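As written in Swiss-Prot, here are the features:
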- 5-40: domain 'EF-hand 1' (DOMAIN)
- ASP18, ASN20, ASP22, LYS24, GLU29: Ca(2+) 1 binding site (BINDING)
- 43-75: domain 'EF-hand 2' (DOMAIN)
- ASP53, ASP55, ASP57, TYR59, GLU64: Ca(2+) 2 binding site (BINDING)
Amino acid sequence: MADATEKAEHDRIFKKFDANGDGKISAAELGDALKNLGSVTHEDIKRMMAEIDTDGDGYISYQEFIDFASANRGLMKDVAKIF
């Protein structure tokens, strides 16, 4: 379970990725956010969406994001440094 600081960091990153503020991250929003990390291909985005979007609705919900973040703490620390 994440502590309060980690939760706040996850919230901040989720909001950064959720550009339109609708509470979910679309493939387009994911791609736009990942451009800050360097070159990312359409295939990279599709692969990430398939991995993180566990219910297959085409969006990354907050819970799916948190589940992914909890399972990938090292990656999330790197992402937090950039965002």
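Yeah, the Cβs are placed from backbone N, Cα and C, and that goes for glycine too.
Feature map: Swiss-Prot annotations on the structure.
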residue	record	Cβ contacts under 8 Å, 6 or more apart
ASP18	Ca(2+) 1 binding site	LYS24, ILE25, GLU29
ASN20	Ca(2+) 1 binding site	GLU29
ASP22	Ca(2+) 1 binding site	none
ASP53	Ca(2+) 2 binding site	TYR59, ILE60, GLU64
ASP55	Ca(2+) 2 binding site	SER61, GLU64
ASP57	Ca(2+) 2 binding site	none
Collapsed DSSP category at ASP22 (Ca(2+) 1 binding site): coil
Beyond the site residues ASP18, ASN20, ASP22, LYS24, GLU29: chain residues whose C-beta lies within 8 Å of the centroid, for Ca(2+) 1: PHE17, ALA19, GLY21, GLY23, ILE25, SER26, TYR59
Cβ-Cβ neighbours of TYR59 (Ca(2+) 2 binding site) (radius 10 Å): 19
Ca(2+) 2 site, defined by ASP53, ASP55, ASP57, TYR59, GLU64: further same-chain residues with Cβ within 8 Å of the Cβ centre: LYS24, ILE52, THR54, GLY56, GLY58, ILE60, SER61
Number of Cβ atoms other than its own within 10 Å, given for GLU64 (Ca(2+) 2 binding site): 18
Mean predicted confidence [pLDDT] for the domain 'EF-hand 1' (5-40): 91
Cβ neighbours of LYS24 (Ca(2+) 1 binding site) where a neighbour is any other Cβ within 10 Å: 19
